[in-house]
Amino acid sequence: MIKRLPDDFIFGGATAAYQAEGATTIDGKGAVAWDRYLKDNYWYTAEPASDFYHQYPIDLALAEQFGINGIRISIAWSRIFPEGFGEVNAKGVAFYHSLFAECHKHHVEPFVTLHHFDTPEALHSRGDFLNRENIDHFVAYAAYCFKEFPEVSYWTTFNEIGPIGDGQYLVGKFPPGISYDLAKVFQSHHNMMLAHARALVHYKEQAYPGEIGIVHALPTKYPLDPTNPADVLAAELDDIIHNKFILDATYLGQYSEKTMAGVKHILAENGGSLDLRPEDFELLQAAKDLNDFLGINYYMSDWLRAFDGETEIIHNGKGEKGGSKYQIKGVGQRIFDVDVPRTDWDWMIYPQGLYDQIMRIKADYPGYKKIYITENGLGYKDTCIDGRIDDDARIDYIKQHLAVIADVISAGANVKGYFIWSLMDVFSWSNGYDKRYGLFYVDFETQKRYPKKSAYWYQQLAATKTISV
């Protein structure tokens, strides 16, 4: 069967500043919390990553050669404002002007994110977005970038508000490494959504000609037994933590009664309270209809069953399949032993979950306008033999997900593009350099790029816009 994607569809590749650039201490860049945290807690650092800071002309030439017409890039906040606010770093500004010019030279449209997990250390150490002062600093940084970089037509404020809060305060694998604090998770999500809303309102008030949105990671949640009300509730509660709380803030400007009932239940079981103010909701209401697009990062779905025990989360960071555990008191337990394939990192491969998630957005948040799939891809332990990388599993993964995107477009959803994670191999926040996602293999010792088999497949896809399934 042949499925076709629209003629104006973006076939993109995604990157992130800290995961790709390297150059973490040169040309005036300020520190981020990850710099010290990686040295203290992991077996790798962000040096040299993919050395995108110096190699970007090569990467963009490859993008053009292989038919990629869009790229997700994030600006490193601390490369513009080393302390998060105050004095501007001219060398950082010049770098991004050069980078965006190179994008346009190669006919690759930059979709630019302002924050991709990398708050400057000077602000992170003061509480990051748990501190409401950080909202002011982020909005000032955003306003500066909107004005300074008119060559950017597509902006996103944040990448994955959900996983930021989860990583920092639930799983505890992101700095500051706090575990099982659900109140901090929700408060971080809420405050970051306020920062998004203020930046969004500012962008529209200034009447900039481009478009602006936000990127959410949206793993679909299913009950292990759909006929068991307790399992259904477990899936709904996990969905509130990871998806619905931030989606309500984005498109409703408030938290629905059902969402807040779930939040109150979770906090009653786990402790803590939230600081939600009337003026917060005035701001969210002012912003809810201004998003030009929603970016969805989708990798996996989860199956939940009811659970009465204590919270325990074990993160599988080394690709040892079966090493994960995820159970939250009063919420539920994720079950990995279901009839669905999974990666070595226990990520469940379920393309139907992307279809279901998009249709949920269409039904529950009809003001969404349009969607880009801003990240999707397969983490794999690729091997390079004489410059050849056969990654058929990645091709199959991408093909399956693009097929359901074609289906969901046929069902009436407005999906305008797809950005594979990642354009080239980058370092993974909590998995290091062994977990590769790129279309282009990076030899991290030499920084030489090698197109994988998937790159040639993607090139053909971009040319024909058809998928054979």
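Using N, Cα and C of the backbone, Cβ positions are placed for all residues, glycine too.
According to Swiss-Prot, the features are:
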type     : residues                                                              : note
BINDING  : Gln19, His116, Asn159, Glu160, Asn297, Ser428, Trp429, Lys435, Tyr437 : D-galactose 6-phosphate binding site
ACT_SITE : Glu160                                                                : active site, proton donor
ACT_SITE : Glu375                                                                : active site, nucleophile
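It is 10 Å from the Cα atom of Asn159 (D-galactose 6-phosphate binding site) to that of the residue listed as 'active site, nucleophile'. In the three-state DSSP scheme, Asn159 (D-galactose 6-phosphate binding site) is classed as strand. The C-beta environment of Asn297 (D-galactose 6-phosphate binding site), restricted to residues of the same chain at least 6 apart in sequence and closer than 8 Å, consists of Asn159, Glu160, Val215, His216, Ala217, Leu218, Ile373, Thr374, Glu375, Asn376, Trp421. In three-state terms derived from DSSP, Gln19 (D-galactose 6-phosphate binding site) belongs to a helical segment. Counted within 10 Å of its Cβ, the other Cβ atoms near Asn159 (D-galactose 6-phosphate binding site) come to 25, all protein chains included. Annotation for Gln19 (D-galactose 6-phosphate binding site): spatial neighbours Ala46, Ala49, Ser50, His116, Ser422, Val426, Phe427, Ser428, Trp429, criterion Cβ-Cβ under 8 Å with sequence separation of six or more.
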